[in-house]
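**Student:** Pulled the feature table from TrEMBL, pasting it below:
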type	residues	note
TRANSMEM	22-47	transmembrane segment
DOMAIN	40-289	domain 'G-protein coupled receptors family 1 profile'
TRANSMEM	97-114	transmembrane segment
TRANSMEM	134-157	transmembrane segment
TRANSMEM	192-215	transmembrane segment
TRANSMEM	236-260	transmembrane segment
TRANSMEM	272-291	transmembrane segment
Amino acid sequence: MRKNQTTITSVLLMSLSYDQKIIYVLFTVFLLIYLMTFLTNSLIILLVVTCAHLHTPMYFFLGNLAFLDMSYSSVTAPKLLYNLSTQDWSISLPDCIAQIFFVIYFGSSEVFLLSSMSYDRYVAICRPLHYNRIMSWGTCTQMVSLVWSSAFLAPIICTLCLRRLTFCGPSFICNFFCDLPHLYQISCTDTFINVLVLIIVGCVLGTVAFVITFYPYVRIFRTVFKIRTSDGKRKAFSTCTSHLTVVFIFYASVIFIYYVPNTSNLLTLNKVVTVIYALITPLINPLIYSLRSKDLKAALQKAL
C-alpha cells in the first residue's frame, strides 16, 4: 500500500479536447448522436410492439437489443455531454462505480443477447420446419429473461470486489467514462485479486458467450453451402448479414479497448474506438437492421 497518500472522493475523467471550438463541435455532434440513438431505437421498439407482422422471435430479440442500446448509451452520453458543456470533468467515486456497474451490465447483456439471436438464426436456417415449435413465445421469453438476469453476475462480482480497495490517486482516469482497468490504476491497494477476478469472470463469461454466438454459424454455413441454387444461398445469407455485422463491430471494439495495450502511441486511436463503442455502436445497430429489413421498412412506411 502506498503511504502518505490522501484518500480521494472523486476522480477526473479525460477531456476529449482542450480547444474550445472543437469542444463546441464535439458537444453538438455527440448530442445529435445521442438524440438519434434514442429516436431510432425507440422507433424500432414502437414498431415491434404495435405491428402485428413483426411479432416474431427475430424482432422480439431486436426490440430488446434496441432497448439495450438506448440504456447503454444513456449510461455514458449524458455525463459526457454535461462534461463538455461545463468543462467539469470530475465525477464522484460512488457515481464512477455506479457507471462501471451499468457499463458492465449492459455490455454483458448485449453479449448474451447476441448469442440468443445467433441461436434464433440457426433454428431458422437449419431447422426451418421446426422453427415455430422450438422458438415459441415461451422459449423466447425465457431466453430474454435469462439474458437480463444472468448479466447481473459480472457487474455484481466486479463491483463488490472494489470494496476492498482504497483510492488515493493520482485521481486522473485516461478515459471519458469510468471503467475498471482505469480505476485500478488509481488504487493505493494491491489490485492483484481484483484483476484476477476480472480476468476469470471475463474469460468464463466471454468464452461461453463467444462459443454460443459463433458455433451456430458454423452449422449455418455448413447448411447454406449444401444449398444448390445461388438464389437460395443468397436468401439464407441475407437473414444473417445484419446480425453478423453487429456482432463483429461489437467484438472488435471490445477486443481493442480491453486487450490492446493503452500506449501513448495509440491514445488517439483508443479515444476514437472508445467513442465508437460507447456512442456510435448503439446508433449503428438499429440502422443496420432497419436498412436490411424489408419488414421494418414496410412497417415504418405504414406507420408514416
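Backbone N, Cα and C atoms are what each Cβ position is placed from, and that goes for glycine too.
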**Student:** If I count Cβ-Cβ pairs under 8 A between the transmembrane segment (272-291) and each of 22-47, 97-114, 134-157, 192-215, which range comes out on top?
**Tutor:** 22-47
**Student:** Looking at the domain 'G-protein coupled receptors family 1 profile' (40-289) alone, can you tell me the average pLDDT?
**Tutor:** 88
**Student:** Give the nonlocal contacts of the transmembrane segment (22-47) in its own chain as ranges (CB under 8 Å, at least six residues past its ends).
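**Tutor:** Distant contacts of the transmembrane segment (22-47): 16, 54, 62-63, 66-67, 69-70, 73-74, 77-78, 80-81, 84-85, 87, 279-280, 282-283, 285-287, 289-290, 296, 299-300, 303.
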